[in-house]
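Please read the structure below before turning to the comments.
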Amino acid sequence: MQPAAKNKPLIEMLKYPVPQHANSILYMFGGISLVAFAILILSGIYLSQVYNPTPAGAHASIVNAITNIPLADFARGWHFWTANLVVALLLLHIIRVFVTGSYKKPRRLTWWTGVALLAITFGYIFIGTVLKYDQEGVEAVVHMQESFEFLGLKIGLINGGIPIITQLYAWHTTILTLLLLGLLATHMVLIKLRGISARPVRGSVAQATAGQGSSTFLAHLSRLSGFGLMFAALTGLLAVFLPAPIGSPGILGQEVTKPLWMFWPFYGLEDIFGLKGLLWGMAGFFAFLAAVPLIDRSPYLHWSKRKLILGLGAIFLLATVGLGAYSKIRAAEQHIAPGAESSVMATAEPLNVSRQRLNQEAYYLMPTLVIAGAAGFWLAYRPARR
């Protein structure tokens with residue numbers, strides 16, 4: 001006879017046990033991030049059809065897409081807001097995992113793949129900033145050049161006859177995407193093999209929990225789908241009401257902008273210590289996260305048994321937020337080497353681009369997004385089936 005599992009329909013195979021607490025929103029930040037990455041890939045595929053990855057064509061192709069290409073402005077805004085919020089989701093996910101001790105053996109590799117996913121996401125967003133080739137993008141690419149020079153590597157705006165923006169576009173659309181998909185697959189397989197970590201109650205210890213729990217993965221997936229739909233609707237509505245900005249064409253050698261919020265702590269270190277502060281700050285940020293399972297080796301999950309690592313984590317979080325706030329309140333400073341004098345002054349103000357096409361598309365985008373959000377709410381909060 002064939003094993004019974006082989007004859008089960010897919011929906012029955014998804015009913016394997018998971019802990020009830022896995023259905024809490026606190027345990028769904030990672031899953032919602034997966035939805036966010038799917039949105040980024042799909043919207044990115046569409047945007048790649050209308051983008052010209054050359055120094056002369058990049059900025060102009062974006063402006064043309066915003067004003068002339070159906071749904072391009074919406075897709076770009078959806079991409080922009082999803083990229084911002086996926087970082088927030090990943091940070092919330094890492095904080096939850098840290099606080100509950102879910103990084104401990106046998107889940108160390110799961111933690112490390114999660115940290116690597118956060119690093120790749122930062123890389124994605126940095127390159128995405130460059131690809132606009134507005135003032136913020138030009139300043140970002142010069143920062144990258146000077147960072148490589150500090151490390152003893154020389155790169156130019158053109159390398160081997162290929163513009164650096166074209167090379168970065170290849171990284172953004174292929175190399176980082178392959179790394180992302182590989183890490184996501186590894187991360188999810190590890191979660192399946194190790195199970196969801198136990199709640200950090202007194203006496204609880206880190207151990208594999210696969211196949212344990214009073215709920216099912218199908219129930220978890222149903223609720224996660226609801227939250228994913230609500231996230232997609234939220235980012236879509238943000239794209240309609242707050243379109244992604246683009247600045248004026250960049251001017252080399254002038255620095256008047258600040259990076260996106262996730263880079264503010266490192267930008268603050270650059271204000272204080274110069275370029276080495278930026279580089280050491282980023283290295284230290286990810287080094288601390290990677291070292292967490294090595295610092296806290298005990299199996300205990302309850303907070304009373306983890307005072308040292310929780311104290312270090314609190315200091316780390318306060319320092320990161322403090323540096324970010326410091327960057328926010330300070331005016332932009334000149335960090336990069338000044339270029340040749342120009343009769344045109346760089347500006348941090350967004351370009352005034354016509355949004356007429358997006359305003360027309362909003363008449364059918366908004367109802368669609370509201371319906372999707374309502375469907376997601378129903379999925380996430382409908383009464384659990386017995």
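Numbers run from 1 along the shown chain.
Every residue gets a Cβ built from N, Cα and C, even glycine.
Feature list (source: TrEMBL):
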DOMAIN    1-200  domain 'Cytochrome b/b6 N-terminal region profile'
TRANSMEM  25-47  transmembrane segment
TRANSMEM  78-99  transmembrane segment
TRANSMEM  111-131  transmembrane segment
TRANSMEM  169-190  transmembrane segment
TRANSMEM  227-252  transmembrane segment
TRANSMEM  272-295  transmembrane segment
TRANSMEM  307-326  transmembrane segment
TRANSMEM  362-381  transmembrane segment
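The stretch from 78-99, 169-190, 227-252, 272-295, 307-326 that makes the most Cβ contacts under 8 Å with the transmembrane segment (111-131) is 169-190.
Count of Cβ pairs under 8 Å against the transmembrane segment (25-47): among 169-190, 227-252, 307-326, 362-381, the largest is for 227-252. A Cβ distance under 8 Å defines the sequence-distant neighbours of the transmembrane segment (362-381), meaning residues of its chain 6+ beyond its ends; these are 74, 222-223, 225-234, 236-237, 240. Within its own chain, the transmembrane segment (78-99) is flanked in space by residues 26-27, 29-30, 32-33, 36-37, 39-40, 43-44, 47, 111, 114-115, 117-118, 121-122, 124-125, 128, 197, 200, 231, 234-236, 238-239, 242, 244, 260-262, 289, 292, 303, 310, 313, 317, which lie at least six positions past its ends and keep a Cβ under 8 Å from the stretch.
On the 0 to 100 pLDDT scale, the domain 'Cytochrome b/b6 N-terminal region profile' (1-200) averages 93 in the predicted structure.
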